[in-house]
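J.: My questions will all concern the structure given below.
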Amino acid sequence: MSFMAAAKVFACPFVFVALFSLVASDPDLLQDLCVANKAAGIKVNGFPCKDEANVTEADFFYSGLANPGVINNSVGSVATGANVEKISGLNTLGVSLARIDYAPGGLNPPHTHPRATEIIFVLYGELDVGFITTSNKLFSKSVKKGDVFVFPRGLVHFQKNNGDKSASVIAGFNSQLPGTQSIAATLFTSTPAVPDNVLTKTFQIGTKEVDKIKNKLAPKKT
């Protein structure tokens with residue numbers, strides 16, 4: 001084998017590794033700040049940057065997690081986000097928080113975060129929590145005040161308050177906007193609607209049962 005041929009053979013794995021590293025992780029920040037300019041009207045992956053001359057301390061502040069959220073739904077829980085939609089300064093930083101409050105017996109129904117891993121810290125109360133892997137294995141745990149639990153990115157997970165007192169957690173995400181897809185609501189309240197024959201065959205139920213579930217999950221009219 002000639003020297004040039006040998007060089008090409010040994011170079012290929014290093015080129016592959018270099019290319020893979022480019023697509024396997026987010027790029028580093030190219031500036032100190034990129035406060036979201038939500039009024040720009042430009043569609044990008046995230047938000048365009050506000051002129052730094054117009055950035056203030058208010059772009060990095062939010063007090064919305066200080067008090068429990070108002071729970072007025074049938075599942076008995078409410079999530080209050082502290083993401084880039086509330087804190088413009090989070091744009092490009094790859095982190096966010098949420099506060100989740102649970103009434104006695106309340107449930108944060110099975111859902112996923114397609115863009116983030118979630119880690120919760122229990123402020124008070126006790127919860128049964130868990131996630132399901134793609135091999136259909138359930139990992140579950142009872143957690144109480146001061147405990148921490150992690151839900152891997154994209155996996156279906158839930159939290160249930162089985163106690164007779166309220167509970168609350170602070171959740172951290174490695175995304176400025178992790179996104180949330182509640183499994184039941186996604187399938188039964190989407191617009192346009194998922195065809196009934198898809199739902200009946202998936203869940204092995206009749207159209208009457210599908211209609212009942214849709215009616216129960218439909219957003220309340222104000």
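Placement of Cβ uses the backbone N, Cα and C atoms for every residue, glycine included.
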J.: According to the record in TrEMBL, which candidate from Cys12, Cys34 pairs with Cys49 in a disulphide?
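T.: Disulfide pairing in TrEMBL: Cys49 with Cys34.
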J.: What's the CA to CA span in angstrom from Asn108 (oxalate binding site) over to Cys34 (disulfide bond)?
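T.: Asn108 (oxalate binding site) and Cys34 (disulfide bond) have their Cα atoms 33 Å apart.
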J.: Mean pLDDT for the domain 'Cupin type-1' (63-211), rounded to an integer?
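T.: Per the prediction, mean pLDDT sits at 97 for the domain 'Cupin type-1' (63-211).
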J.: Applying a 10 Å Cβ distance cut-off over all chains shown, what neighbour count does Glu118 (oxalate binding site) have?
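T.: Within a 10 Å radius of the Cβ of Glu118 (oxalate binding site) lie 24 other Cβ atoms.
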